[in-house]
Each structure stands twice: as structure tokens, then as C-alpha cells.
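J.: Quick one: the structure is below, and I'll ask about it shortly.
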Amino acid sequence: MEKLLLGVLLLAFLPEGMTQKDLRGKVFIFPEQSDTAYVTLIPRVRKPLRSFTLCLKAFTDLTRPYSLFSYSTKSKDNELLLFVNKVGEYELHIGNTKVTFKVPRPPYGPVHLCVSWESVSGIAELWMNSRPVGRKGLRRGYTLGQDARIILGQEQDSFGGKFDAKQSFVGEIWDVSLWDHVVSLKNLCFTCYTSNILNWKALIYQAKGYVVVKPKL
């Protein structure tokens, strides 16, 4: 009953232009390089984050830098950013501070990425295709701001904007999930729809520019 009431309230107060959909089995396709194509995601709950787990799946053949997930506040453009600097080199930014994870032999094809971070220890953990990549430490004691713009397809150099086409994502993204706590990545189901901040089966979003929603291949 509580979940049903929450769903009704969310639908009643959706920002103008936003929609909520069950996107299971669907993907966002970003067909070409641009600084105008992106998807804005609205969290189901707005709260400061002292820990999180972020998971998503993506496919691209880009070899240049690109953004996978951009969470920006008015004080920190890279409050939370998952960024690929080059093939096999993944950057996690927390509060404008970054750590880099290197994958010796990155696979060609779709990747399933999960990253978690907790403020109490500052430890960030990255997994790729259900295998651990490593752990790094950053921003111990930090709290992510709650009033954020969350964007797929572009990297925010200012709050909600200042996009650079040369950092845009070209390809497909799906199954984006964000929790407000650390999930055991070792036991995380390959396709999991239990996340409480961003949930792919009840995603609130708005697509701008050349973005297409299609069934997953």
C-alpha cells in the first residue's frame, strides 16, 4: 500500500515534460556525437548521499573520452561522475575528486558496470561484468549533495549544461540503477530492479535531442 501511494504521488508531481516508464527490455540509443542529445533522470528520493551503489549497462565503440553517468550540483559539477578517459580506463569522480580504475583487457561488446562508495571509509569499488576490478579510496567523510541534475549522454561542466560534444556518449545505455547504500556487488543479480533512487522499471526521465528508446537486442 505504501509503495502504491508513493507511485501515485510521484506521478502527480512529475516535473513538466517528464515521464515515468517501465524500461525493462529497453535501451536509450545515442546515435551520434553531439552537445544537444541527453537524458535527464529524476531521482525517486532526494536526499544527501553518504553512500551509494550505481549500476548500468552500456555498449559503444568509442575510443575517445566519454561520460557514462553525470550527477552535478550547483557547487560541484562532478559531484558524482562515471567517466571513460580511454579504452580500459574508468574514472570515478566524487565531489570533484577522482580515482582511476584500469582494466587490462577490456571486453568488446556490452559491459555491465557497478560502482559503490561509502563516506565512512572513503572506499570505492568497481565491478565489470560481475568481476571485481579493484578498490580505491577518495573523499572520506564526504556527503553528496541532494539537489542534483542527473544526466546520461553528456558530461556536465556546469549545473545541467555546458556540454562538450567531444565528451558525449555514442551508443546504448540501459538498466541504470542507483541505491542510497552499498549493495553487495558479489551477490548482485545481473539484472536487478530493486534500487530506490533510480529504478529502471519505474524510471522518471526526459530525453532531449537525438535520443531513441528501442528494445534491447
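Here the Cβ of each residue, glycine as well, is placed from N, Cα and C on the backbone.
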J.: Could you look at Gln146, Gln167 and say which one Swiss-Prot places alongside Glu155, Asp157 in the Ca(2+) 2 site?
T.: Gln167
J.: Choose one of Cys55, Cys189: the cysteine that Swiss-Prot connects to Cys114 by a disulfide bond.
T.: Cys55
J.: Under 8 Å between C-beta atoms and at least six apart in sequence, can you list the same-chain neighbours of Glu155 (Ca(2+) 1 binding site), or say none if there are none?
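T.: Set apart from Glu155 (Ca(2+) 1 binding site) by at least 6 residues yet with Cβ under 8 Å, we have Tyr66, Ser67, Ser70, Leu81, Phe83, Phe163, Asp164, Gln167, Ser168.
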J.: Would you count the other C-beta atoms found within 10 angstroms of the C-beta of Cys114 (disulfide bond) for me?
T.: 22
J.: Inside 8 A of the center formed by the CB atoms of Asp77, Asn78, Glu155, Gln156, Asp157, which other residues of the chain have their CB, for the recorded Ca(2+) 1 site?
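T.: Nearby residues not in the site list: Ser67, Ser70, Ser72, Leu81, Ser158, Lys162.
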J.: Would you mind ranking the binding-site residues Gln156, Gln167 by how many other Cβ atoms sit within 10 Å of each Cβ and giving me the lowest?
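T.: Sparsest of the binding-site residues Gln156, Gln167 by Cβ contacts within 10 Å: Gln167.
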